[in-house]
Amino acid sequence: MAKMEVKTSLLDNMIGVGDMVLLEPLNEETFINNLKKRFDHSEIYTYIGSVVISVNPYRSLPIYSPEKVEEYRNRNFYELSPHIFALSDEAYRSLRDQDKDQCILITGESGAGKTEASKLVMSYVAAVCGKGAEVNQVKEQLLQSNPVLEAFGNAKTVRNDNSSRFGKYMDIEFDFKGDPLGGVISNYLLEKSRVVKQPRGERNFHVFYQLLSGASEELLNKLKLERDFSRYNYLSLDSAKVNGVDDAANFRTVRNAMQIVGFMDHEAESVLAVVAAVLKLGNIEFKPESRVNGLDESKIKDKNELKEICELTGIDQSVLERAFSFRTVEAKQEKVSTTLNVAQAYYARDALAKNLYSRLFSWLVNRINESIKAQTKVRKKVMGVLDIYGFEIFEDNSFEQFIINYCNEKLQQIFIELTLKEEQEEYIREDIEWTHIDYFNNAIICDLIENNTNGILAMLDEECLRPGTVTDETFLEKLNQVCATHQHFESRMSKCSRFLNDTSLPHSCFRIQHYAGKVLYQVEGFVDKNNDLLYRDLSQAMWKASHALIKSLFPEGNPAKINLKRPPTAGSQFKASVATLMKNLQTKNPNYIRCIKPNDKKAAHIFNEALVCHQIRYLGLLENVRVRRAGYAFRQAYEPCLERYKMLCKQTWPHWKGPARSGVEVLFNELEIPVEEYSFGRSKIFIRNPRTLFKLEDLRKQRLEDLATLIQKIYRGWKCRTHFLLMKKSQIVIAAWYRRYAQQKRYQQTKSSALVIQSYIRGWKARKILRELKHQKRCKEAVTTIAAYWHGTQARRELRRLKEEARNKHAIAVIWAYWLGSKARRELKRLKEEARRKHAVAVIWAYWLGLKVRREYRKFFRANAGKKIYEFTLQRIVQKYFLEMKNKMPSLSPIDKNWPSRPYLFLDSTHKELKRIFHLWRCKKYRDQFTDQQKLIYEEKLEASELFKDKKALYPSSVGQPFQGAYLEINKNPKYKKLKDAIEEKIIIAEVVNKINRANGKSTSRIFLLTNNNLLLADQKSGQIKSEVPLVDVTKVSMSSQNDGFFAVHLKEGSEAASKGDFLFSSDHLIEMATKLYRTTLSQTKQKLNIEISDEFLVQFRQDKVCVKFIQGNQKNGSVPTCKRKNNRLLEVAVP
């Protein structure tokens, strides 16, 4: 019997209604009740056609396990109960199999679960796509980008402990197999005002608390931070700790994620240094100080914080202090410097902190994009995931809410357009007559905001750029003049009389009728936030930082690239970003996730109907259902429809052998459903009213009950017959076993009797044999005993004889030993006597010889005594000298000049020689500590000392700086891959220098490369080689004696490289570059390179000899030397 495959459906075991399109009747109350019923049963997902509604459960649910992923993998969208995995799988399969770019739009208010929804989408796609080391690395980098962005872009709010304070759009790129290749992240409207001020009960961005909680003491000391939150004005104290959040563990997670994404250690440390600088900026406080002209000037109260900030960022303290006290306004050739009062100084401080953090966040996004972007250039498929603010209506709505709601208006507009477009395309594709759908078109609201002439954003930009006094009130007056007659704009001060007595509309506000309802905006702060003004002095101060990251964040601060053009406003930038986003979304197939927050307490099992109703209205969910139901409420392919309802018709049950459409037609005709309630498309059947579908479900449920009864009847009959046959078979078996048992029992009794008789007979025979054996044994034992007694008597006799013989032998031995001892003692006595006589003779002879010698040499004793005493004394003095020198040895440092003094004059030469030998020895010991690389560094430093010491004023500042050579890391930076491939030799120097234009003295950035044989110049942006000079053609290097980085490279006349003339450069690493060029040229050409140090020298520019003259510059022009071509024969360099 063939096994029947059971196919599930969305309608099986449905709690409430799984698809709101099928809700009957459809109104706000039934919509909310259906959501609540499903929420109470932990069903947090509900469909509106292909749109997923997600209600935040505020608890963990067991519906995201790997088993669930496999359950929804490659399944039809309506085959299982509603789930975010179903939408993710549908989008992924459409991208992989149909080659359609996809986008998933996730919207909802803060705390509704948008960020978690985006993570679930990404984790599902990562789980179902291909495997492999490279693919897994890409997936891991894409997933680990989330913790980094959350740390820097999320914060605790009253609505959400992990609220995204920026909009994020990620394009995930796939190859033709559906494997991820990389991604690109775009961010929108970071809430940077949170950096300097947070509402009560909320926190600053997570990274500040994570850094202070999780960083080691060593790192905190390096960043000049303390672990106490109360030490920093930018951190709110009432919500510093969040229940269930471990900031220290999260910090370790973020550091690990940064490493996985591709951040190098020095990059991560640079980022944390910027975060620390932002924190410490909030601790700078100002006090007023009166000037002679009567105006107040701001002064910093405590300069310790400023000093630590400058040490972190590498900015000169006086430069930053001046930027907080003065503001310079430039207009063409004029500069005007004005003092800042205390309020302006605080504004400048906060503006700097906000700009520094927001630019750092943008840099982080770009840096992550560099790591996760696809490296291959093959054609890619794209899935975009949009996680952005939902519609916001607060008690106080400002510029941020206005911009956010504008973005949501655009998203609502594209949602309605794409939904209608999708409906229309399906009707046309299925050859169904198209029914026009009436809906509210919010294009008029979008035009009110974004119109280039009369739009609110355009008028706000116009007001910001207008000369004269510009305030929020003047902006509101302009709105009242232009927008008064607009049907979606309301203002108390407008010409429209119907709002003059509206007390709910304050004079300083205006109201817009959005698609989600009316929103009242406070006009205060609109102009200031739109300007987003950062004083030029602060930008220039940041650009002067030695901290490379901070310097790169403020390119407009470069004095060489002064741009007097006003930067674009925040509103215009966001408008352009939204336009780009909308254009991008329109090229993709949309998928929607609408997130809803069930309560404001962030608690599980609580469903606030009023709050949910508010969200349903501004998300336009009822409008969405009505659009879906305007034509046909339900549509389904013929095959699953016939499979589900075939039991309702005898002709189609149990199997239909024709086409599926014919079977559905037969089925519906049999059920007598009115023809106006359904329509047959090319591949689907369309049902107009949900009641028809529910009728089909009721009939199916009744039929299933009937079929269940039939199956039970047949099963019970089969069970009874099977039981009877089993009992009959058992009776036969039992009878056979009983007969066998009776025969076996009778046989056992007979066998037992025979065994008993046999055992008695065998016992009698055995006892008889035992008696005979015992008698024989006793006889043998008696014979043995007699023989033993006789042998014992014989042995005792022999023992007595042997003992007597042994006693006689012992007596003889004792007598012999006593005799030998007496003989030995007599011989010993004789030998001792003879030895005493010999000793006496020797002593007498020695005494006689001594007497004889003393008599002969007595006359010499006194003369020799003095000489011996002198030699002994001299030897003792030298010995004592060496012992004292051993204890007084100086340190092993070669630069230690100390040496013990000598005690006696005659030791002078020895003392000096010993000092020389000791110095040579300790120098050798010091040199032996160095590695070959360190020796090379010291050789270069020694070479630099010989070339520039006491000759070049810049030299002392270079002593403490290590020579690095490859500052650009060309081998690691993919930007310079083309340049790296073009150079086959070892790169000795890779540095960005300023090349001085021969014609006008202006500078251009070039990459300066020195290899073993050549000197090369390359374009900084493209990496293309512009000039290549063999080292044999370099004849001389000229520079001034002053504290500047200008130098000239002279080329051999007539060489190909010298066609345009000598080169003139400016570099921050002049000493290192000149030293390495000198050593490389010497190694290559075996000739010393001429180094000329003079404040005037000649260079060859084409056919002209030009004098380069160094003069004292004006301090007002800053600390950077300037170069100017005076005439055809003179080029002046002004050094401050």
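Just so it is clear, glycine is given a Cβ too, placed from its N, Cα and C backbone atoms.
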Do you know which of SER60, SER230, SER318, SER909 is annotated phosphoserine by Swiss-Prot?
SER60
Summarise the region 'Actin-binding' (578-600) by DSSP state, stating how many residues are helix, strand and coil.
9 helix, 8 strand, 6 coil
Under DSSP, the domain 'IQ 5' (808-837) has how many residues in helix, strand and coil?
30 helix, 0 strand, 0 coil
Express the predicted model's confidence over the domain 'TH1' (952-1136) as a mean pLDDT, rounded to an integer.
85
